[in-house]
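Novice: Pasting the feature list from TrEMBL:
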- His326: active site, proton donor/acceptor (ACT_SITE)
- Cys344: active site, nucleophile (ACT_SITE)
- 397-407: compositional bias 'Polar residues' (COMPBIAS)
- 414-432: compositional bias 'Basic residues' (COMPBIAS)
- 246-368: domain 'L,D-TPase catalytic' (DOMAIN)
- 397-434: region 'Disordered' (REGION)
Amino acid sequence: MEADAPLFSRRRALTVLTVGVGAGLLAACSGESPISAPQAEEPVAPTVTYEPAADSEDVLPTAPVGVKVENGSFQRVSLTNANGKVVAGKFNSDRTAFTITEPLGYESTYTWAGSVVGKDGKAQSVQGKFSTVAPQKQVNGQFQLADGQVVGVAAPIILQFDAAIDDKYRATVEKALQVTTTPPVEGSWAWLPDEAGGSRVHWRSREYFPAGTKVSVKAPLYGVSFGDGAYGAADSTLDFEIGRRQVVKAEASSHRIQVLDGSGAVIMDFPCSYGEGDLDRNVTRSGIHVVTEKYEDFWMTNPAAGYSNVHERFAVRISNNGEFIHCNPNSINSQGNTNVTNGCINLNLENSQQYFNSAMYGDPVEVTGTRIELSYADGDIWDWAVDWNEWKSMSALSSQDSPSNLPASAPATRRMRPRCRAPRRPPRRRVPSRAVRTLCTESDAGVVWHRARRPLRHFRVLKSG
């Protein structure tokens, strides 16, 4: 028999009711409002930002150029030059930024066009203009070496400009220059006295390059300010390689010349004759010379000595002051015992040809034992005549003062350059090595070479139009 469920008493029921009503009243007095659904945010219109700012003037052609949008994305966008040519550019992944990927041109107006769509679904136009700087002059730079050239261990890197660069702008130019070597080699740029055509900067390694070194040079000078309204005309690059190590030892008092290979072994040892030394102009300069040109046949003129168009064989130029290593039959009897030349190093025919065949641009020729040192007055390449710390001080980025004895402009030769006439056309075998036909004359320092200007290398001008 199931038990009956206990009955609620009237008193207990009233108690429960009273508690429930009290709880409801407490909740009503607590001040809390019921939770409501969030209201939707109003759509924000897209904001477009231009770099450079709209209507900017004198913008560098290499400056960052682009356009960005907030609260939206690009539907399309383009930048065109005054001729309507579209400049290359790219979007980022979410199409909120567009960046120009090629340098612009000088003295040109560029126009933005396109549209963006905001988060509200509404389209907004992209529009605006800016203009680039108008140079008063564009400066070109030319390397003395060619791409792919193999050179000797003492070869400097020479960048010759076609305009003078004021001292206060040289640091800006030098900062743009980059030299990379494999393996790493310590080196420095140095500004040498200006040539007639313009300023020049040389890069020299601290010690001779290791054989086989690969060298890469970048000169991104397009858009770089050279001062006084002048800007770089083009970027240029150079890649070359260091060949075998060969060093010439030339001790004047020995009346001999030795050629050493990479191991230091003597591979040639020839009797020779150096500068007579009776006059300063006839002294072979002591110091590290650099081979720069060679000719199987060469016609020499020396007004001071009273001869012109004298045919010499196997001439290797080691300085722009007129010093060569070459064959000279007239000094055969003095070779090996007496110094009788006007400053050149004379060999016989067989020995001069053997050395000629081995010589390479950039080979060092170490001359010792004479009373006058190689210096800035001796021509275009005297880089190794300068002590390393002094060389580094000639960098525009150095905190040290550069040598005070250097002139602002390089002399053509020591003291004077005589005028000369072109020689008669050579009757046979005129074979210059990596250079154009040359005429040389002698001045205070001996034979002085004269040559036509090399054709300029053509560099790609990076601009859109």
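Residue numbers in this text run from 1 along the chain shown.
Here the Cβ of each residue, glycine as well, is placed from N, Cα and C on the backbone.
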Novice: DSSP says what for the domain 'L,D-TPase catalytic' (246-368): how many helix, strand, coil residues?
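Specialist: Grouping H, G, I as helix and E, B as strand yields 25 helix, 57 strand, 41 coil.
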Novice: Between His326, Cys344, which of the active-site residues has the fewest other CB atoms within 10 angstroms in the structure shown?
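Specialist: Ranked by other Cβ atoms within 10 Å, the active-site residues His326, Cys344 bottom out at His326.
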Novice: I'm trying to understand the geometry here, so how far is the Cα atom of His326 (active site, proton donor/acceptor) from the Cα atom of the residue listed as 'active site, nucleophile', in Å to the nearest whole number?
Specialist: 8
Novice: What mean pLDDT score does the domain 'L,D-TPase catalytic' (246-368) have in the model?
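Specialist: Summing pLDDT over the domain 'L,D-TPase catalytic' (246-368) and dividing by its length gives 96.
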